[in-house]
Amino acid sequence: MEQGLIDLGKYIGAGLACLGMLGAAMGVGNIFGSFLQGAMRNPAAAQQQFGTLIFGFAVTEALGIFSLLIALLLLFVV
Amino acid sequence: MADTNPITQFEIHEVAPLEVAGLNLAFTNSAFFMVLATVSVTLLMALATNKRALVPGRGQSVAEILYGFVADMVRSSAGNEGLRFFPFVFTLFIFILAGNMFGMFPYLPLPIHGVDNHGFTITSHIIVTLTLSMLVMAIVVGFGVYKNGFNFLKLFVPAGVPPVLYIIVTPIEVISFLSRPISLSVRLFANMLAGHILLKVFAGFIVMLIATESAMGLVGILPFFMVVGLTALEFLVAFLQAYVFAILTCIYLNDALHPAH
C-alpha cells in the first residue's frame, strides 16, 4: 500500500513535470517559425544568422530538457 | 524485465580495478570510451594530414572541412581575436562529437571484460559534462580577468541602461552568469540521456511484443521502424549538441574578450 502510494505520486509527478515541455515546444516552434519568416523575406541575410538561430534554439530547448530531466529522475532514480 | 530496463545502458563497470589510498581510481568503461574517442580522433587527424597534398584526398578533405567549420564558428561568434582559442574549441567540439557518436553503436562487441556489448555514451553522465563546462567557465573567468582586470566586472553592468535599473539588471546578470555552467552541462547530458532512454524504450516495445508469442508479435514491426527513424534523429542530436556546446563556448569566450558588450 505504502509503495503503491509512492509509485502513484511518482508517475503523477513525472506526468506533471512533462507539461513543462509545452512551453519549450512553443518557444522552439516560435524561433524556427520566425527565422523562416525572416529568411524568406531576406534570403541573403539568412546564412549569417544560423549561429544566432542555433543559440536561441539551444537556450530555449534547455528549459524543456530541464523538465524532462525531472520526469526521468522521478521515473528511474527516485 | 531487467533486460528491457532502459537505464541499465548507462551503468559504469570497472575494467581494471585500482585503489589508491582508499580512493577508487578504477579504469571504467566510461574511461575506456573516452580513450577510444581521443585515440580515434587523433589517429584520424594525424593520418588525414600527414600527406599535406595541395589537392586534398578524401581523408584530408574531412580534416579540412572540420577545421574550416570550427574556424568559421569561432570567427563568427568571437571575432578574429577569438581565434587564439581555436585549438581549445576544436578539441572540445571533436571530443564531444566523438563521444556522442561512439555512444550511437547499438551493438559493439568488444572482447574486454567490463565493457558492455554496446556503445557507451560518455556525455550521458553529468559528471563528465559538468567537468567540461567548468573547464570552459574557468577559462572564461581566468582569461577575462587576466585580459581586462577589473573591467571584466562590466559584464554585470551592461552599458546603455538607466542607472536606476542596475538594482535589478546586475543581480539578473550575475545569476545568469552563474547558471551558465549548469545549463551548459545539463543540456548536453539531458539530451543524450533522454535520447538514449527513448531509443531503449521503443526497443523494449519490440521485445515485449515478441515475448507475447502470439500474432501480436507481428505488430512489433511498427516500433522497429520507429527505432530506425529515431536513431537517425539521434545522430542529428549527437552532432547538434556538440555544435551547440562549442558555439556557446565561443559566445562565453567572446564575453571574456569584450566584457563591456
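Even glycines carry a Cβ here, placed using N, Cα and C.
Record features (TrEMBL):
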- A:12-32: transmembrane segment (TRANSMEM)
- A:12-74: domain 'V-ATPase proteolipid subunit C-like' (DOMAIN)
- A:53-77: transmembrane segment (TRANSMEM)
- A:E61: site 'Reversibly protonated during proton transport' (SITE)
Spatial neighbours, same chain, of A:E61 (site 'Reversibly protonated during proton transport') - Cβ under 8 Å, 6+ residues apart: A:A24, A:V28
For the domain 'V-ATPase proteolipid subunit C-like' (A:12-74), the number of residues DSSP places in helix, strand and coil: 61 helix, 0 strand, 2 coil
Segment confidence, the domain 'V-ATPase proteolipid subunit C-like' (A:12-74), expressed as mean pLDDT: 89
